[in-house]
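Colleague: My structure is below; once you've seen it, I'll send some questions.
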Amino acid sequence: MSGAPQRVVATAPGKINLSLRVGAADERGYHALATVFQAVDLLETVEARLPQVPGALTLTVDSRVRGDVPVDATNLALRAAALLRAETGTTQGAALHITKRVPVAGGMGGGSADAAAALVALNRLWQLGLSDRELMLLGAGLGADVPFAVLGGTALGTGNGDQLQRVPAPAPLTWLLCAPGGHLATPEVFRAFDALAAQADAQPPRTPRADQHQLAALAAGDREAIARSLANELHEPAVHLRPDLQEILSALREHGALGAIVSGSGPTLAALVRDAQHGEEVSARVREDRGDLECTLTRSSPYGARIVAVD
Ligand code: C5P
């Protein structure tokens with residue numbers, strides 16, 4: 001490929017937290033975490049074109065999911081573009097177009113995936129030559145889940161979830177994701193976590209420890225053991241704010257899911273199933289009672305943000 005690209009398309013995955021342990025908050029209010037992230041094959045797509053007006057930065061969104069997506073400067077893809085310009089000194093512009101498939105404010109890192117895909121696409125469009133590692137470091141300034149959306153696969157996240165280490169997870173996993181409608185704001189869920197801990201007089205650890213049983217189950221590719229290890233310490237605060245989540249989780253388990261958890265800060269629920277057919281069966285049964293649930297089948301993905309087209 002010769003010459004400067006006019007158009008670059010990148011995708012980045014949504015994520016599930018297979019385990020999420022929460023520790024104390026720092027002075028900025030960010031909590032220490034020990035979490036196992038898994039990328040899924042539910043992708044955000046960001047197309048970046050050179051703009052008609054040189055230097056202009058614009059954004060359009062085509063959303064395939066419920067919920068409002070900001071198209072102003074607070075959008076994480078636009079913030080990623082502004083950050084890249086500030087860091088590298090480039091004055092180039094871009095017309096960004098996002099196709100959203102990850103639930104909005106659903107606990108699956110959709111906004112972070114937009115930022116990750118925008119970083120990767122613009123790095124190529126603007127010929128900046130930054131490494132993935134550099135993009136991950138920059139991305140951490142935009143949101144705690146952005147570095148993982150760049151990396152993808154399955155990884156242990158410590159610090160605020162931004163210190164990443166890949167972990168072996170050879171067995172492909174099939175997930176049934178159910179979005180019950182409505183949003184949960186991540187800061188609100190963490191505040192509820194703090195309030196519930198204070199009420200119980202519990203001291204969250206300064207440095208939570210990774211779930212070694214889960215890491216061993218992933219390395220062994222043992223689906224039953226992985227299902228048993230699914231655990232999210234944001235479950236209680238999320239259910240406190242959205243009591244209906246508990247019923248849906250129980251229904252997913254009763255109807256045969258190997259395991260089911262709140263994804264991240266919710267309200268999306270992630271159920272581990274044996275395969276696509278099993279997932280369809282569980283989905284049909286759960287939706288008999290809750291027809292408003294939007295359920296999608298997806299699989300674990302080894303990929304992070306990556307370029308899928310360059311013209
Ligand atoms: O970094 P991100 O924008 O995803 O985080 C959104 C909010 O979630 C933060 O402003 C903070 O309130 C909360 N959060 C936290 N601890 C983390 C990650 C996020 O308290 N490790």
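From the backbone N, Cα and C atoms, a Cβ is placed for every residue, glycine too.
Any TrEMBL annotation is an automated prediction that lacks curation.
As annotated in TrEMBL:
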ACT_SITE  Lys15  active site
ACT_SITE  Asp145  active site
BINDING   Pro103, Val104, Ala105, Gly106, Gly107, Met108, Gly109, Gly110, Gly111, Ser112, Ala113  ATP binding site
DOMAIN    75-153  domain 'GHMP kinase N-terminal'
DOMAIN    215-288  domain 'GHMP kinase C-terminal'
Colleague: Measure from the CA atom of Gly111 (ATP binding site) to the CA atom of Lys15 (active site) and give the result in Å, rounded to a whole number.
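Modeller: Given the Cα positions, Lys15 (active site) is 11 Å from Gly111 (ATP binding site).
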Colleague: Any idea what the Cα distance is from Gly111 (ATP binding site) over to Asp145 (active site), rounded to a whole Å?
Modeller: 9
Colleague: Which one is it: of the binding-site residues Ala105, Ala113, which Cβ has the fewest other Cβ atoms within 10 Å in this structure?
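Modeller: Fewest other Cβ atoms within 10 Å, among the binding-site residues Ala105, Ala113, is found for Ala105.
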Colleague: How long is the line from the C-alpha of Asp145 (active site) to the C-alpha of Gly109 (ATP binding site), rounded to the nearest angstrom?
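Modeller: On Cα coordinates alone, these residues lie 6 Å apart.
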Colleague: Taking a cut-off of under 6 Å between Cβ and any atom of ligand 1, tell me which of the recorded positions Lys15, Pro103, Gly109, Ala113, Asp145 pass.
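Modeller: The qualifying recorded positions are Asp145.
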Colleague: Work out, from DSSP, the number of helix, strand and coil residues along the domain 'GHMP kinase N-terminal' (75-153).
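Modeller: Across the domain 'GHMP kinase N-terminal' (75-153), the residues distribute as 44 helix, 7 strand, 28 coil.
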Colleague: Pull the DSSP breakdown for the domain 'GHMP kinase C-terminal' (215-288) and write it out as helix, strand, coil residue counts.
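Modeller: The breakdown for the domain 'GHMP kinase C-terminal' (215-288) reads 44 helix, 11 strand, 19 coil.
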Colleague: Does DSSP give Lys15 (active site) helix, strand or coil?
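Modeller: For Lys15 (active site) - judged by DSSP and reduced to three states - the answer is strand.
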Colleague: Fewest other Cβ atoms within 10 Å: which of the binding-site residues Gly107, Gly111 wins that one? Let me know.
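Modeller: Fewest other Cβ atoms within 10 Å, among the binding-site residues Gly107, Gly111, is found for Gly111.
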